[in-house]
Amino acid sequence: MNLASSACLLLLFLLGIAQALPVQNEEGHEEGNKEGHGEEGVEEGDEDDFVDFTTRILTSNNNTDQLLLEGDLVAPTNRNAMKCWYNSCFWKKASNGFVVIPYVISSQYSRGEVATIEGAMRAFNGRTCIRFVRRTNEYDFISVVSKNGCYSELGRKGGQQELSLNRGGCMYSGIIQHELNHALGFQHEQTRSDRDSYVRINWQNIIPASAYNFNKHDTNNLNTPYDYSSIMHYGRDAFSIAYGRDSITPIPNPNVPIGQRNGMSRWDITRSNVLYNCR
């Protein structure tokens, strides 16, 4: 084999190696294979196992200009604080036994993101009598939009009510379920009237301007136990002044996990059934 033939074979070999390597963008990150992801490459599998949902929610809401209570609840304008008088903020139960909640989803979302949102909604099917259905002409409905943050009204507002799921930070099934639970009328677990028997609020570790987010409410606990594993429970460092300075500590066992990442707990499901009298 002459020298020219050897050089040609060597060049073909090197080109084959180059084509087998992953393509990288300008920042050096691999591109191309995103098997199992939605159209935007965002799915629940992307989640960092060490980041809880409330941390993601509060981080996403840092840049919002929406007036929020407790980090992700739209401040009410048509009723007293966080109270729901005479069940006025609960969704109505139909004669067929289902609580039908109409919704529309903004065209801002990709098909993959719509699938993620509707998949989180379907988590209620089969385990509760709650059914999220696409709106036809119903007066009361949820409008899912991508604004700056992840947030919701508390319960049924009446008419159109926005539920924001920012495309950049809220496209996780657990976050979507968290906000849907707010829309059903559920508050954060650590604001329960009996919370002081189960968690200690470390006021000295909380950003002073955010301390009001830890106020207790006169809640209806539906005869269910305090649930450390609830998807509605803050993580232990929510609104903390510094990393490692926990704002919430479980008691008596400080090592009990809170601020989970896996979706609705058994008691979250039970409360939906009790609140809406599911059979």
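Glycine is treated like the rest: Cβ placed from N, Cα and C.
Swiss-Prot annotations:
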type	residues	note
ACT_SITE	Glu179	active site
BINDING	His178, His182, His188	Zn(2+) binding site
COMPBIAS	26-40	compositional bias 'Basic and acidic residues'
DISULFID	Cys84-Cys89	disulfide bond
DISULFID	Cys129-Cys278	disulfide bond
DISULFID	Cys150-Cys170	disulfide bond
DOMAIN	80-279	domain 'Peptidase M12A'
CARBOHYD	Asn62	N-linked glycosylation site
REGION	26-46	region 'Disordered'
SIGNAL	1-20	signal peptide
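Spacing of Cys278 (disulfide bond) relative to His182 (Zn(2+) binding site) is 18 Å (Cα to Cα, whole number).
Taking the Cα atom of each, His188 (Zn(2+) binding site) and Cys150 (disulfide bond) are about 14 angstrom apart.
The most densely surrounded of the recorded positions Cys129, Cys150, His182, His188, judged by C-beta neighbours within 10 angstroms, is Cys150. Comparing C-alpha positions, the residue listed as 'active site' sits nearest to Cys150 among the recorded positions Asn62, Cys89, Cys129, Cys150, Cys170. Listed in sequence order, the residues Glu70, Asp72, Leu73, Ser152, Glu179, Asn181, Phe186, Gln187, Ile231, Met232 complete the 8 Å Cβ shell around the Zn(2+) site centroid, once His178, His182, His188 themselves are left out. When the alpha carbons of His178 (Zn(2+) binding site) and Cys150 (disulfide bond) are compared, the span between them is 9 angstrom. Of the candidate recorded positions, Asn62, Cys89, Cys129, the one lying closest to Cys170 (disulfide bond) when CA atoms are compared is Asn62.
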